[in-house]
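Report on one structure; see the data block that follows.
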Amino acid sequence: MATLVVPQNVSVVEDAENLRKAFEGWGTNEKVIISVLAHRNAAQRKQIRLAYWDLYQEDLVKRLESEIKGDFERAVYRWILDPEDRDAVLANVALKKSSDYHVIVEIACVRSSEELLAVRRAYHARYKHSLEEDVAVHTTGDIRKLLLGLVTAFRYEGAEVNSRLAKSEADILHDAIKDKKINHDEVIRILTTRSKTQLMATFNSFKDSQGTSITKVLLGETADNEYKRLLRIAIRCINEPIKYYEKVLRNAFKKFGNDEDAITRVIVTRAEKDLQLIKELYYSRNSVPLDQAVAKETSGDYKDFLLALLGKQD
Amino acid sequence: MAHLQELEALTKALSGLGIDEQSLISILGKSDPARRTTFRQRSTHFFIEDERSFERWDDHRINLLRLEFVRFENALVLWAMHPWERDARLVHEALTLVPQSYRVILEIACTRSSEELLGARRAYHSLYDHSIEEDVAIHVTGSERKLLVALVSAYRYEGPKVSEDAAKSEAKLIAKAIKNGDKKNPIDDDEVIRILTTRSKPHLKAIYKHYKEVSGKNINEDIEAADFILKETVECLCNPHAYFSKVVDEAIRNDADHNTKKALTRVIVTRADVDLKGIKEEYNSLYGVPLTPKIDDNVNGNYKDLLLALMTRD
């Protein structure tokens, strides 16, 4: 359930021309940028970039980067890229700048197998390295094992589930947690190679036999470290991505000064996917609509852009 | 004596790889009962003297013969297959038959291009309702598991860009791990696995080149003593023509076992559209004799004709 609102008739040539006009003259007309780009889907955005190039022999993305700044620019830049290119950029930033490895876990676990493949291809084209190569160079030990397994997975996407296997692998996971060996090769094998439907059955089986969810048990059982945090995020992204994203947003607003990176990332990457569901869950958990939280905690063009992606129509 | 020549011809028709169907038809097919008795009495490796006074087929030889008769059929079926299905089936067979053949998995993971390996992974989903990495992880145990899972999951960058500095320092890392081989198996070393399973092939070839400067010897001389799997991995990645030449040569030898013989079909069929020409040249330079006449001498019948047809297209 996407939140993106796209008008019935779209002319990408007109859009390119309007954007050009918005750049011309003194300053930039950000309202136009928002009213055009925040209401176009990925295919249309790509066509607009091509049309802009055809008309003006200029890269629209580069022009935007020079015309606008700050959180607004970062959000628009991520939005205008093709989804797989965007994820490649997010992964690269996470590896080389912010060390926010949970971003990589999100991409690897929430995307479909084909989408993840497209991200890996886009990464080749942009960075002249494979994603796994860079993940391996920038991480070590258990985190490396987990991240490598996650980003190189090409999971089977069928609906078939083997219940006996789910039970036996749930037992393996439970034993590993009990023995405080959550970095065990078997844990990694199960989480990074099994299909998503098989894993969800495994997590259900865990809950049936243990009475609580595996993420709750993980929380309590072992020492807190980055590896455990990433492991829990992987499980949550595979099992209940909507709940996961709602929590990311909730935490992002709570943080002192807000976590704009997280807010941008969730809204931009999910606006065409399931942001509507995330909105509904946010409202039911916080008694405040997500739009209201965004309006309160952000400002200016950045705020207007996010609200537009959330479905606000002018 | 014509009889002796015929006997020799029959023996030859039934030894080596494949069966010389035409000779069997023209000699045995046209033989009278007396000739056939002589054939049975003189062919003590095929027939044994039964206590009730008749020459009995050795059951073991019948089974071996069946394998030879079916070699042509298997080669043809494999040849007609889509390369993706071919590779998927070969990996599945290597995993599930006994004894397991890790060499085949290494070969496919390391000698195929990134897109070819991806295609094999897709076909694997369709054929077996599992991902390739899932099945490799479940069936392979021991230190090889980490290496093989990572190798089949790789989606290597395929551009020419190489960082010589990184290649040099990684050559040193690998040399150190190999020299330490008696204390710790190099394929248990995280860094060795990282390098071999994530770096691009041009990068690995640069490492191969720098290795000699760093260690004094060629990498395959140094690994000689150590792990067979490591040796084959490096060879498949850096010098596939030499690898394939060796595999083919082993397959043609008289003492080759069943699995080793199967490799002849596998190599010729899977490389016929790719780099057979390069393999033939490498074979000639390694063994001093051209491959095509060697096949002509050691292989029989329709199976031979098919292989030669594949090898002499241009």
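Each residue, glycine too, has its Cβ placed from N, Cα and C.
According to TrEMBL, the feature Ca(2+) 1 binding site maps to A:Phe23, A:Gly25, A:Gly27, A:Glu67. Long-range Cβ contacts of A:Gly25 (Ca(2+) 1 binding site) within its own chain (separation 6+, distance under 8 Å) are none.
Cβ environment of A:Glu297 (Ca(2+) 2 binding site): A:Phe253, A:Asn258, A:Ile263 lie under 8 Å away, each six or more residues apart in the same chain. Residues or ranges marked as Ca(2+) 2 binding site by TrEMBL: A:Lys255, A:Gly257, A:Glu297.
The feature Ca(2+) 3 binding site is assigned by TrEMBL to A:Ala295, A:Thr298. Annotation note: A:Thr298 (Ca(2+) 3 binding site) sits in a coil segment as assigned by DSSP. All protein chains included, A:Thr298 (Ca(2+) 3 binding site) registers 22 other Cβ atoms within 10 Å of its own Cβ.
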Report summary line: Of the binding-site residues A:Phe23, A:Gly27, A:Ala295, A:Thr298, the one whose Cα sits nearest to the Cα of A:Lys255 (Ca(2+) 2 binding site) is A:Thr298
Query - Proximal but sequence-remote residues of the same chain as A:Phe23 (Ca(2+) 1 binding site) (Cβ under 8 Å, at least 6 apart) - result: A:Arg63, A:Glu67
Report task. Could you measure between A:Thr298 (Ca(2+) 3 binding site) and A:Gly257 (Ca(2+) 2 binding site) for me? Cα positions, answer in whole angstrom. Result -> 10
Requested in this report: Within 10 Å of each Cβ, count the other Cβ atoms and name the one among the binding-site residues A:Gly27, A:Gly257 with the highest count.
Outcome: A:Gly27
Query raised in the report: Between A:Gly27 (Ca(2+) 1 binding site) and A:Gly257 (Ca(2+) 2 binding site), what is the CA-CA distance rounded to a whole number of Å?
Result: 28
Report task. Would you mind ranking the binding-site residues A:Glu67, A:Lys255, A:Ala295 by how many other Cβ atoms sit within 10 Å of each Cβ and giving me the lowest? Result -> A:Lys255
Query raised in the report: Any idea what the Cα distance is from A:Gly257 (Ca(2+) 2 binding site) over to A:Ala295 (Ca(2+) 3 binding site), rounded to a whole Å?
Result: 14
